[in-house]
2 protein chains.
Amino acid sequence: MTITPTLKKIERKSLVSPKGFTATGIHCGIKHKKKDLAVVISDVPASVAGVFTTNAIQAAPLKVTKDVVYNTKKMQAILVNSGNANACTGKQGHLDALAMQQLAADQFDIPANLIGVASTGVIGEPLPMAPIIHGVSKLKANDELTGALDFAQAIMTTDTVMKSTSYATTIDGKEIVIAGVAKGSGMIEPNMATMLGFITTDAAIESEDLQAALSSVTEKTFNSITVDGDTSTNDMVLVLANGLAGNDTLTPAHPEWSTFVDALEMVSQDLAKLIAKDGEGATKLIEVNVTGAVSDEEARKIAKTVVGSPLVKTAVFGCDANWGRIIAAVGYSGTQINPDTITIKLGDILVVEDSEPVKFSEDQAMNYLKQHEISISVDLHHGSGEGRAWGCDLTYDYVQINASYRS
Amino acid sequence: MTITPTLKKIERKSLVSPKGFTATGIHCGIKHKKKDLAVVISDVPASVAGVFTTNAIQAAPLKVTKDVVYNTKKMQAILVNSGNANACTGKQGHLDALAMQQLAADQFDIPANLIGVASTGVIGEPLPMAPIIHGVSKLKANDELTGALDFAQAIMTTDTVMKSTSYATTIDGKEIVIAGVAKGSGMIEPNMATMLGFITTDAAIESEDLQAALSSVTEKTFNSITVDGDTSTNDMVLVLANGLAGNDTLTPAHPEWSTFVDALEMVSQDLAKLIAKDGEGATKLIEVNVTGAVSDEEARKIAKTVVGSPLVKTAVFGCDANWGRIIAAVGYSGTQINPDTITIKLGDILVVEDSEPVKFSEDQAMNYLKQHEISISVDLHHGSGEGRAWGCDLTYDYVQINASYRS
């Protein structure tokens, strides 16, 4: 993508960097010791957009939050717990998700139909309401860096690092800030929405246009990462836009519309890559770039197939330039290709041309694969479609983490 | 399936148990020490059927062998090497596969267009012809058990056990024997044909009907296993039927047609389960039975999705009754389900009913999951479709094997 010149990555306070947002996170007792309850609040009702998991089994909080996104069409606060997904918990689970919404409404004096809720953690165990009831009564959001960090920590499960990013840009001469935080490192797969992501901005934009912008960037960002092919029951990305930056309301007809969409894409891409890099047990971020495909969509499909192949992932872990597994994954991606015109590079090292091996230095390739960010390029020479996907290596630690998750 | 009463599993001599087949396997020097070159020969030209990988990148030996199956429509011998896949090797690879065919033709005095060839091993390295030329000149097939064992060993790559099975049945009052041998433990995925499998029988049947029988059982057997979701460039199943049992030629109109198809299905199912159980690094065979789906096809798709989920596979490895991952996999299988009517059992232990958790003994479940053959049953209560799939757990050893395969 071409980056708008005014777009600047900023440090500042993450989720609370845009005007009029506060946040916090605490330990309430769902987990043993770590933070497990978080809230982010806008000073005023915000426009809202959301993308949700495509899993046919959907957790209770998704149903409650979708109701706010699709019916209220505004949102002012999001209450999130980690340690329990409130999924496959039946009627009681639905009542518990509604109770979370009501607790936040009472605590923050906001109408319940403006509150989103999200849960992440173990599936199929009843949500422990006592610690949540007590916890919500202790939540005091603030607009300091600590509030944003506490929020980012409290939504983590097997994540090893907090994931947040912020950008500033200028629209109508006003500074617009857009920031995001995410969690997720297992059950990460292409079919939206495969993690929790919360994005705040002070841009002025109606919910409908915000949804259009989010949908347009999701396919190229959150839907282009894969860790293990498992699509969760719970995951969602929400964007709140409270308008406090004072720009003219953004619409696709606004001359700086693409400035906003670019900023949203950069935030989404940063979060997506952070999630892929922190894939359970991962030691490396893998980026696969595909060119020369029949269409952009097919290019992305090929990129996701390659980056999702367990054999490619283990080869990258083992620093083994085993390009045969890469070309095999291209072959089984279910796309239109010419089997005789494929070029493959590991970083800058050409390893396959016209689908045949090229002599290369194994030492040089092994040294390249020891990096923490690996790029694989596949040119199909079969069209003009381009696409990218991100994933991570498959390691002993992935097995360890997932063989004992509940215990 | 209902087994024909006359169908009996037999021990005897595996691949050479049917009348008129000989085999052998030797070390020729593609691998360091292990056997790497094998041949099976029928005394007379046999009817032939084959299924081949759906990967768009197909290895040279597949192209040569398909020509025999589709054009000659008879086959008398199959020459197989392990240690090198002769895939992505360009024009030279094709010439090398043809050379293998010609070498076997000269050595065994059989027309080249009656010789199938197969290769398995590393992708993208030129086939070392010197050891193959020398090796073929040393091949002396026999109809003893040692010949069959040598063949089974010589086609192995990362396999830890030989895989063979034999059945006898009666058709037209004649004893018909059908035997099979297979290799494969990584790059194993549903979309045919995901391993090497060679089946011999002395039944009399024309190639066209043999192909129909093979195709009808493949979906329920070889295509219903998954180890890691990677579909190979090389894999195939071939059946040779030489007619020496002396039955009346089998056709779908023959009163004992289903006797033959059942025997072929049992051989194929045994081989498929042996491959799944010997999945790279696996400690357990996992069988998933799905009932109550909209169709048999959708039931198989769900079964394959569950058995292929890395999170389910690691949970089984860790003896963790984490049914949430099972129901999540059902949910993302891309099939028609009712999210509220799902029942799940681990062995006989009911863990989910109406898509909600059921109280069960974690100790009992953990003890069950310590077995080496695990059964997961999913009833969708949404139709009458049934299907099964087989796979294995995901372990540290899978990572180890695949992080260092080439070195």
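Backbone N, Cα and C atoms are what each Cβ position is placed from, and that goes for glycine too.
All annotation found in TrEMBL is predicted automatically rather than curated by experts.
The annotation substrate binding site is assigned in TrEMBL to B:T157, B:K183, B:T194, B:E280, B:N402, B:S407. Residues or ranges marked as active site, nucleophile by TrEMBL: B:T194.
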Open item on the list: Using a 10 Å cut-off on CB atoms, tell me which of the binding-site residues B:T157, B:N402 is the least crowded.
Closed with: B:T157
Task: Against chain A, in sequence order - binding-site residues B:T157, B:K183, B:E280, B:N402 with Cβ under 8 Å - done: B:N402
- [ ] For B:E280 (substrate binding site), just count the other CB atoms lying within 10 A of its CB, please.
- [x] 28
- [ ] Write out the long-range same-chain contacts of B:K183 (substrate binding site), meaning residues 6 or more apart in sequence whose Cβ is under 8 Å from its Cβ.
- [x] B:S82, B:T120, B:A152, B:I155, B:M156, B:T157, B:D159, B:K163, B:M195, B:L196
Task: DSSP state at B:K183 (substrate binding site), helix/strand/coil - done: strand
- [ ] Would you identify the secondary structure of B:T157 (substrate binding site) according to DSSP, in three states?
- [x] coil
